[in-house]
Amino acid sequence: MDASLEKIADPTLAEMGKNLKEAVKMLEDSQRRTEEENGKKLISGDIPGPLQGSGQDMVSILQLVQNLMHGDEDEEPQSPRIQNIGEQGHMALLGHSLGAYISTLDKEKLRKLTTRILSDTTLWLCRIFRYENGCAYFHEEEREGLAKICRLAIHSRYEDFVVDGFNVLYNKKPVIYLSAAARPGLGQYLCNQLGLPFPCLCRVPCNTVFGSQHQMDVAFLEKLIKDDIERGRLPLLLVANAGTAAVGHTDKIGRLKELCEQYGIWLHVEGVNLATLALGYVSSSVLAAAKCDSMTMTPGPWLGLPAVPAVTLYKHDDPALTLVAGLTSNKPTDKLRALPLWLSLQYLGLDGFVERIKHACQLSQRLQESLKKVNYIKILVEDELSSPVVVFRFFQELPGSDPVFKAVPVPNMTPSGVGRERHSCDALNRWLGEQLKQLVPASGLTVMDLEAEGTCLRFSPLMTAAVLGTRGEDVDQLVACIESKLPVLCCTLQLREEFKQEVEATAGLLYVDDPNWSGIGVVRYEHANDDKSSLKSDPEGENIHAGLLKKLNELESDLTFKIGPEYKSMKSCLYVGMASDNVDAAELVETIAATAREIEENSRLLENMTEVVRKGIQEAQVELQKASEERLLEEGVLRQIPVVGSVLNWFSPVQALQKGRTFNLTAGSLESTEPIYVYKAQGAGVTLPPTPSGSRTKQRLPGQKPFKRSLRGSDALSETSSVSHIEDLEKVERLSSGPEQITLEASSTEGHPGAPSPQHTDQTEAFQKGVPHPEDDHSQVEGPESLR
């Protein structure tokens, strides 16, 4: 491209193309460096400040732009903020720079150039999309073209609108018909732009019995038109869909065109399926859109072109009305909106344009054919063979549910059962969509909620493939990832009802119905002081659930646990995640209940012990104070004087009554240390009993993870394996009971020889009576001599 720039005679154009290429390359290189860096910190250039007195060069300015673009990224890896644009993208970006440069030409040159650009682009688009004798309006906002078309229809049907204004509309109100499957907010946008009240909008329902549930009901539309005419209203405009915003279904445009011609209604068509008009084979429903009065298209996403305007093609013979409606303009700068698309179309050519749309349609067909072979995947566009949009969802019939159930409640199913099954599948589909978007980001998959079907996954390569560079291998990887996630989805869905029944049958546990959770279920432990009538959070419950989460994570099972909800004002719950294998729900619930109960008991014991210790410390302080006062009375005041006290203690030592004090945590009292010295002298060690371990978990084989169902009843086990399994269990039981037997044997061996020795008995009796032992007297007398 650098060599071709040298051939340009105008040095300004050559310099512009060179600068644009260098700027884009600099931003892309800096983006790659930013992605390679870990933990990028905010630099001083990102902080707003005053305008510098001296100017900066272009490299410094672009560096500042790059810092502003990537300085606030999170630490977690995210999708690139700048799409990987190729040469055709550079041409589209160059169009905006050229537009600013061309606007500086003199008026005559500017008029000729803009007229040529607008006429060329209009002619090319009309021929590509089979729209004969049409005009084009280029606009940045996708809905702006429809608003201009509505103004044109109003001026065409109300001849006195220019003079009388809205008084004409008041006498005969216009009606704009929108499909129930239209994109959200379209009707409100039109009313705001046109200044019409909301009663001027008429929402046409979709089919309910025959045909797609996302297609406009033509018979009902005709009935609405007749009713409006009888009420003195004027049917003005009908917005049809060639590919609805949700699932990509196409209305029966041929029937709608006949109906509009019969009642004099303007027919406007929009939708992603209009791109297939450029292909050699087009379905009859989409081909009928070429005969409509106007249609809006978005070639930018279809071709992967950044900053390319949307296009509205229309047919009208009165230039004055189109000028009043705003579809045409006398300003040359307004005509320059087509410049980026004009450059890009010339760069791609007709073959490149058609090839991109064809590639996107082939990706959709490839995914649709592959998903038909996958179990538990329901495709919502099977009747739309030519649709470039594929919408699917995971769906598995639960035991006891009606196999006819799809989205409409079946009479023999209770509403609660239908809703529970629907919410369960919706949560699982949301989880599946998030997983697929992370595993296959090039697929451009989106998650959406439909009113009838529920949560679904949409694959629309026409809107994403050119930008993300989606290939056939990405579609195959997407199908493989779906198949790998199906066992987890099926296992989780089957365990939900069993988990709920086990929780409801367990005392102290409450099942929480959270439709947005995709895991096995949500459970809450109700402690003794829990206020069941209130949903506000309590600190005790939060501590119990936090300890429960820690204990469960220490088990190293395949399940994931978390504490919720995210709203801090609500009571905390335990969320059990997805199940990748056959989980024993009974053991899981029993473990949760037993662990939570143990944590609560330990917390109660700790609270009681704290209170006992606090009271014991207070009593001990009082006793120590009394002992200090008694010692003062017994020894006298003179012994407390340093010099005098030493002399008195030298000649008349004080006989100590106690060797020390110890604080008993269990009783919360201050005791003497004499028993400890007695036991030390005898050498009698105390054997503590083994700590009892909880028996809430069943015995498992070595290497078997918690919460797994046992395979004792499996026919695949041979006699040898079963015998070895029994021997392993016996060894485990023998090892677990070993310390207790050893302790019992040791205690019996020490206790059988007979009663305690006489010396030990005498010492104990002497201690209990408070009479000092002769040996103690001897040691007390020799104390001062040794000091001397």
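Just so it is clear, glycine is given a Cβ too, placed from its N, Cα and C backbone atoms.
According to Swiss-Prot, of the candidate residues Ser534, Ser695, Ser779, the site noted as phosphoserine is Ser779. When the residues Thr298, Thr691 are compared with Swiss-Prot, the one annotated as phosphothreonine is Thr691. When secondary structure is read from DSSP and collapsed to three states, Ser652 (phosphoserine) falls in the coil class.
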